Structure formats: structure tokens, C-alpha cells
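Asks: Starting off with a structure, shown below.
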Amino acid sequence: MTECVRLFDHPIIKVHILVLSGVDICVSWIIRPIKYPNIFQYEIKALLGAQLFDYPNILQESGWPILRRWEVPWQWQTVSLTSLACGLGFVLTGLTEAIALPYLGIKPDVLSLDDKAEILLFDQSITTAVVLGIIYSVANTFQPLPEDFFKYDLREPFNLQKGWLLWAGIGLAGAILAISLTGVAVSFFNGETPQRETDALVRLLPLIGSSNLSTACLVGITGVLAPLLEETVFRGFFMTSLTKWVPTPVAVVISAAVFALAHLTPGEFPQLFVLGTALGFSYAQTHNLLTPITIHSFWNSGVILFLTFLQLQGYDIRELLQAT
């Protein structure tokens, strides 16, 4: 039920308090005549107190958490230049390593599969360190940051509103269902399955199931380093920055599109976009990067371990990937 209680009836201002379902409150007022705007402001503050006068922020905090924005301290120039620096850092790190290998006497063409897996793990470790170093160097110039920026908080994992593990489970289940439906829809409308020779997963196929060491390296790359890097960049920095100018759901969609495009696999764009959307909304719910990192980690490592199991059972996983 909704009650309307007249708080006071001033010659200039009439103020009511609306009590909604006995829990939420808001204040409504009428100025008459509208001659004295300053009197309105000061008398409301004096009679109701500064905290109640700031009720829009109170209502926002008590609203749906997934709609909350971040208090972004930087401008669009910082977002653009930092994003460019991260992209250049990613590319230049890979080029530097490719150039350095021959000088170190390492010939990738003659390496064993285990050696290739170890080099890939080393490569991903260096790339992760470089790109995260760029992000945190820029963020450090804006200290002190709001407490929900780059937040990795292990506390209260099953809290109904902000539990990172609870919402990671919900997000993962939703992502699996949504991606499955997206795959069916894409196959239906395309009529035939596109080739996946440029897919990063296809390029890793020789290493999958080749040895315990290779599997451990792949899980370390896809289940730890890649989620940490990508979620910090795409959700922790880019998506949160966008909320300075657009509503949080719009920021989720834009960051998901950029996330999908950054993988450079056009045939997988719909599925990657859906995954990015699930990751974004899960992060918006908890404001804790552990939530999307956990989803991303379980998704990536789950795929690797499942394909390893199929490989050990004698299935042709290349053919299975092409079919799916």
C-alpha cells in the first residue's frame, strides 16, 4: 500500500512523504508561488536534513544493483589512449618475442609439443603482465580510486546481492544456455557450418591431450591468464569507463561487441558476443571482477578439459569442432 503523509504546509512550500509498501520513501513538494527558489532549498534541508534531501542517490543505491554505474574519474581521452596502448602492448609483445626466439637459439618448427606449450604459457604470462601494467599504471595516476574499481574481493561469495561465486554460477549457466541457443540459430540461418581454421581453439588442437604437461599449460593459459587479462581490460576498465556516458546495460553491450571483435574470429562473433554480454551483466551485478573472471575461467578451461577427454577417448576433435 502507498500512504501520502503531509509533512508540513508552508506558505511557500508544501511537502509530502510517500510511503511505499511501508519500506521505501520519497519526498514530493510543491512550491507556491515559485518566487523564492533559495528559500525552497534551504528550508527543505533545514526541515528534512541533508541526507534525506539527497534521496535520489539513496533510491539509486537501494535499486536494482545491475543498473548501478561506476564513479569514473577519467575522461574519454584517457579511455581512448589507454585502450590503444593496451592493443599496441599486446601486438608489440608478440612481435618482440617472435623476433627474439631465433636469437635465443629456439626454432619453433622443431620444438616438441611440450616445449611449444611451455612457450605459449610464457608468451601469455608476458603479455598479461605488460597489458595489466599499462592499465594499472594509468589507473594509479587517479588515486584514490572508488572502492569498486578493479575489485577482487573473495568475501561473501554467496551473498544474494553481490556474492561473486553465486553470480558466477548463475552467469555461467545463463551463458551456456544462451550460447547453445545462439549456435543453433546461427546454424539454422547460415545453412552450413563456417570453416574454423582461424579459430584460436583450432590452432591449439595439436596440443590438446598430447601430454599432462601440455594440458596443464593450456589450462594455465586459457583458465587463469586469459580470463584475468581480458576481464580486467574489457570489463574492469573499458566497460566501467563507458558507464560515465551511457547506462550500464548499454555499456555491457558495447563492451561485449568489442570483446567479440578483438578475438578476430568473425565466424564466432555471435557466440563471443553472447558470452561477453553474460560476463558484463554478471560484473554489473556484483562490481567484483572475480565474478566474470570465474565464469571466463570455467568456460575456457572446461572446453579444454572436455576436448582433452574426448581426444583420449579416440574422438576426432577437429571434426567435432567443425560440426559444432
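Every residue, even glycine, has its Cβ placed from backbone N, Cα and C.
TrEMBL: automatically predicted annotations, no manual curation.
These figures come from a predicted structure and were not determined experimentally.
Annotations for this protein, taken from TrEMBL, read as follows:
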DOMAIN    216-301  domain 'CAAX prenyl protease 2/Lysostaphin resistance protein A-like'
TRANSMEM  81-106  transmembrane segment
TRANSMEM  118-139  transmembrane segment
TRANSMEM  164-189  transmembrane segment
TRANSMEM  201-225  transmembrane segment
TRANSMEM  245-262  transmembrane segment
TRANSMEM  293-312  transmembrane segment
Asks: Of the listed stretches 164-189, 201-225, 293-312, which one has the most C-beta pairs under 8 A with the transmembrane segment (118-139)?
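Replies: Answer is 201-225, with the largest number of Cβ pairs below 8 Å.
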Asks: Sequence gap of 6 or more, Cβ distance under 8 Å, 3 or more pairs: do the transmembrane segment (201-225) and the transmembrane segment (293-312) meet that?
Replies: yes
Asks: For the domain 'CAAX prenyl protease 2/Lysostaphin resistance protein A-like' (216-301), what is the mean per-residue pLDDT, to the nearest integer?
Replies: 96
Asks: Provide the three-state DSSP residue tally for the domain 'CAAX prenyl protease 2/Lysostaphin resistance protein A-like' (216-301): helix first, then strand, then coil.
Replies: 75 helix, 0 strand, 11 coil
